[in-house]
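Comments concern the structure below.
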Amino acid sequence: MIELLGWVPFLPFLGFLILAIAGERLSRRLIPWIGAGSVGISALLTALIGAQFLKGAMPPYRLALGSWMAVDNLSVPFGFYLDPLSMTMLFVVTGVGFLIHVYSAEFMESDPGYARFFAYMNLFVSAMLVLVLADNLVLLYLGWEGVGLGSYLLIGFWYEDPNNGYAARKAFVMTRAGDTSMAIGLFLLFTQLHTFDIQSVMTQATNLWTPGTVLPVAAAALLLGGAVGKSAQLPLQSWLPDAMAGPTPVSALIHAATMVTAGVYLIARTHALFMLAPSVQFAVAVIGAVTLLMAGCSALAQTDIKRILAYSTISQIGYMFLALGVGAWSAAIFHLLTHAFFKALLFLAAGAVILCFHHEHNIFRMGGLRKSMPLAFLSFMIGSAALSGLPFTSGYYSKHEILLAAFEVSPVLWTAGCLGALITGIYSFRLVFVAFFGPQHAQVEKSPGWRMSAPLLLLCILALAGAMLEIPLASVFSALAADENLHELNTVSAITVAAPFIGVLIAGLFYLTGAFSTQRLESLVWIRQIQRFFFSGWGMDAFYNILLVRPFKTIARLNKNDAVDSIYSATAFLSLMFHRLFSSLQTGQVRWYASSMVLGTIVIIAIGWLS
Amino acid sequence: MILLALILVLFLGGLAAWFSERWNPEAPRWVAVITLSIESLLVIVQYSASGRIDYLSAGMPQAWIADFQGAWIPRFGIGFHLAADGLSLLLIALTEFLGFMAVSSSWTEIRERQGFFFFNLLSCLAGTIGVFLALDLFLFFFFWELMIIPMYFLISIWGHENRIYAAIKFFIFTQVSSLLMLVAIVALVLKHHSNSGVYTFDYFDLLNTRLEPDVALWLMAGFFIAFTVKLPAVPFHTWLPDAHTQAPTGGSVILAGVMLKTGAYGLLRFVVPLFPEAAHEFAPIAMMLGTISVLYAAVMAFAQSDLKRLIAYTSVSHMGFILLGIFSWNFLALQGAVITMLAHGISAAALFMIAGALQERLHTREMERMGGLWSAIPHLSAFTLFFAMASLGLPGLGNFIGEFLVLVGAFGVNASLTVITALGLILAPVYALIIIQKAFHGPTRQYAGLRDFSRRELASFGLLVLIMVWLGIRPQAVLDISAPAIKQDIQNTQAMENG
């Protein structure tokens, strides 16, 4: 079975090809069968491969599919590498991906670009699978850019609105900035270690490089640049909230469950390199901690249901970075797994609300949806509980592991994480209380059919019990297994568990019981200012606009006619002037010629006489 | 003999096309198709014969595939020496293929004086192939000029509103720079004569000319400027946006796809091998010009509102990678430069064909007057998206392989310049995606009588896409063809520098 691994990414690609070539000419009944079907078979295949793989001792499996390029000592094969880490990612991508595709079959049904949508989705899934399976950094980069393309195409899917196009380009260019850093990292690694094969790079680096020296630090920092861009972490996070311009299933698949976690995967995949660069690894933890707090605060101030979820995604990936930074590699991947379940659930439930509720995004215009949309309500309750990390949900186990591991390294990081958990509790239940409780403001148009309901139900189960699907990753991160045997610290543990409850309580006092009123708070000027600051995502967009975008546009506009060309135009202009001058002297009048001859003679004589 | 036929068939075919117009005004384009088909057969025959010794005269190094030597002006040591190695064969194949594309895109666009148009098109191709084959410097110069004059006519007769200005600008830039090259050629020959007492223009004889360092630097500069004007690199690039905007589509295809590559070819074939030490001295400056080209042209491309002008600037940006790669002068970077030549040939030609197709339909190149085209002409739009992605260097497509190899190779030579050049990778989507945004996305508008791609256009673009993907997924086939030639060049210069 495992030899069929190559089909897992190829089937969605085949789906893409069929949908892209035949396009909207296909019958609308057939389109979802191809689009979701290709991913479905992929998921089935993954399950079979996984069953076989997990039964054994799980030695890494390599699949060589031929050579891509070989020049001199550079050789890049099309090769896949399956170990527990890529297996986990395969499950997430094909499993959650399939559920989202089924959901999309109904969600996008009335859209004129039905086939185009599934074509893009399949392309994305295929690229994501290449990314996680690649055995070398160049093939990984192919998947890495491929998911960027998928993300661009799907954010800008509704292309008639120029704002969507802007959001799509912003996402592409900002992540490309990170990608370029990563590409330079690749050049550095190759120039030093003469291979792109990930496992060889890691062994070579460990053998040749002393920890903390320039080379590993530079290489790790450059790869971190790529990870930060794709995973929307500080300072390249501001594209993600705008990426919500795409259809909601896209946000669930790309901007929650899969693509944005690619950075986490990259760091986990190259963890040996990061261990050689302790300063960079610590930077990962700090970036994670700061990002999770910043994004959490921003989520508090949003009113758009999707933007709340977008900021919460940034914040949760911050937790994963925090875990990576403190060396809790398995915990990071574990949180990646559970986050994929509960965040996909939340996004899909939000999509159901939006679709059935007049395409409304503002939670304050919803209200009371508890009764009219019971399934969405259930989904949001379970999803938010898991997001906040309340006990007995999948999110609890993964987040708890991260926070305890953070405490081992630094109580400050732990405090940030706990504070983040408290904020998570507030913003996620603020959403639930505002949208689903209280008086209903408008009627629901329709209720979701089975293709939307079934994925929601399944994801509800996964969000609750998904923690049981954890795949032992000890063999991947073997060197560190000891570090992760945490001591149970009773007080610390208790605070960690309590933090989200306090958050939920605060949210309840403000938005459910009305014991505290937000209006009273908002009457204070400084609160309003802070709220606006948080709402704008800490002014990052304005910062980049002033620092980069506007100067770039201004320079480009001013130099539209190419300053270099003026050198040549000036030459042409001068020769034209001389031409005019000399031709105007050719008057054909004898008296002019005679007088100029006389003048010339006098001048020459004068020169001769004077010298 | 096949090498000679490669040039003659095109030239005679051009004459036949010209005269066939009297018989039927539609005939020339068919004559052009037949000529190019014969030509392709010749290329295939020559390629399949590679490795067979009977095409090669005694004494030619093994990296060469075939050669042809005839006497021309023996008094001055000028011979009719043609030879092909893997590199020239690849570029000739590209020329043939883009010849078909140029004919296809001129099929309905050119309505007047079709005979003379196809004569110019084919003789321009003949000159280009001559450039790729000539191994006698005088003969090389002859073909270099032969290729420019038909292009001048293509622009000045069938061009757009400002064609005369553009054609003259093109002509002056290339003439002045090739004059510098002629002076350098003659000086090199005289220098060789004073060393050895023999007049010769032959490439292999001149390869080992001993030169004083400052003389070598000046002579190299003569060649360098001629080739970087053609490439073009900043600051010699300003003829290109004008020439491209004004040229008919077929002319743009040839200009961007093939003619710019003669500059790259010249740098690779002549500048570095003839003057290895001088080129080595000069490499940091040349590489810096490459870096500046990549970045400056990318910013310029973003600023344009004329679609063809934008694409022209992207060409300058891509050529910067080639300049960087060639002057890095190692196997990786050079192979990258070769792939970039081919891949850019395909992607730029395709983008110019798209611009031409849009102009034929909308009678404008201004992107401000487009917008929302996706729903009106989905096929054309999807192909544009594909080639925009190719142009921004998406892995899996040809340009990525080229740029990647160039950057990997250059990183070992000059890491800081490579890092700065890599910033071009961030600017590429900025200019490539603005095309999609301005012309194809945005609110749907009503366009009268707008039709999507015809079958002829679908077939042409389908082929372009296939080749682009093939270059991106299986570049090895191409890399293997050029490898012996590149290895030979590197060995030669190393031998010179050591000896």
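The backbone N, Cα and C atoms fix where each Cβ goes, glycine too.
The transmembrane segment annotation in TrEMBL covers B:78-103 (among others).
Among residues of the same chain six or more beyond the transmembrane segment (B:115-135), those with a C-beta under 8 A of the stretch's C-beta atoms are 3, 6-8, 10-11, 13-15, 17-22, 25, 27-29, 31-32, 35, 67, 81-84, 88, 91-92, 95-96, 99, 102-103, 106, 142-148, 150-151, 153-154, 157-158, 202-204, 250-251, 254, 258-259, 262, 265-266. What TrEMBL records for B:115-135 (among others) is transmembrane segment.
According to TrEMBL, the domain 'NADH:quinone oxidoreductase/Mrp antiporter transmembrane' annotation covers B:134-421.
Here the transmembrane segment (B:141-158) has long-range neighbours at 110, 112-113, 116-117, 119-121, 123-124, 126-128, 130-131, 133-134, 164, 166-168, 170-171, 174-175, 178, 181-182, 185, 243, 246-248, 250-251, 254-255, 259, 262, meaning same-chain residues at least 6 beyond its ends whose C-beta is under 8 angstroms from one of its own. According to TrEMBL, the feature transmembrane segment maps to B:141-158 (among others).
If you look up TrEMBL, you'll see B:170-190 (among others) marked as transmembrane segment.
For B:215-240 (among others), the entry in TrEMBL reads transmembrane segment.
Per TrEMBL, transmembrane segment is recorded for B:252-276 (among others).
Residues or ranges marked as transmembrane segment by TrEMBL: B:282-303 (among others). Counting same-chain residues at least six beyond the ends of the transmembrane segment (B:282-303), those with a Cβ under 8 angstroms from any Cβ of the stretch are 217, 220-221, 224, 228, 233-234, 237, 310-311, 313-329, 410, 413-414, 417, 420-421, 423-424, 427-428, 430-431, 434.
Residues annotated as transmembrane segment in TrEMBL: B:310-332 (among others).
Beyond its flanks by at least six residues, the transmembrane segment (B:338-358) meets 87, 90-91, 94, 98, 101, 105, 109, 244, 248-249, 252-253, 256-258, 260-261, 264-265, 307-308, 311, 314-315, 318-319, 321-322, 325, 364-365, 370, 373, 380, 383-384, 387-388, 390-391, 397-399, 401-403, 405-406, 439, 453, 457, 460-461, 464, 467-468, 471-472, 475, 478-479, 482, 486 of its own chain at Cβ-Cβ distances under 8 Å. For B:338-358 (among others), the entry in TrEMBL reads transmembrane segment.
Only residues 6 or more beyond the boundaries of the transmembrane segment (B:370-392), in the same chain, are considered here, and those with a CB under 8 A from a CB of the stretch are 307, 314, 318, 343, 346-348, 350-351, 354, 357-358, 361-362, 364, 398-399, 428-429, 432-433, 435-436, 438-445, 447, 450-453, 457-458, 461, 464-465, 468, 472. The feature transmembrane segment is assigned by TrEMBL to B:370-392 (among others).
What TrEMBL records for B:404-436 (among others) is transmembrane segment.
Residues annotated as transmembrane segment in TrEMBL: B:457-473 (among others).
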Next item on the list: Using a Cβ-Cβ cut-off of under 8 Å, list the residues of the same chain that are 6+ residues beyond the ends of the transmembrane segment (B:215-240) and lie near it.
Entry: 169-170, 172-174, 177-178, 180-181, 183-185, 187-188, 191, 259-260, 262-264, 266-267, 270-271, 274-275, 277-279, 281-282, 286, 289-290, 292-293, 296-297, 312, 315-316, 319-320, 322-323
Checklist line | Same-chain residues at least 6 beyond the ends of the transmembrane segment (B:404-436) whose Cβ lies under 8 Å from its Cβ atoms | finding: 283-284, 287-288, 290-291, 294-295, 298-299, 301-302, 307, 310, 313-314, 317, 320-322, 324-325, 328-337, 339-340, 367, 384-385, 388-389, 391-393, 395
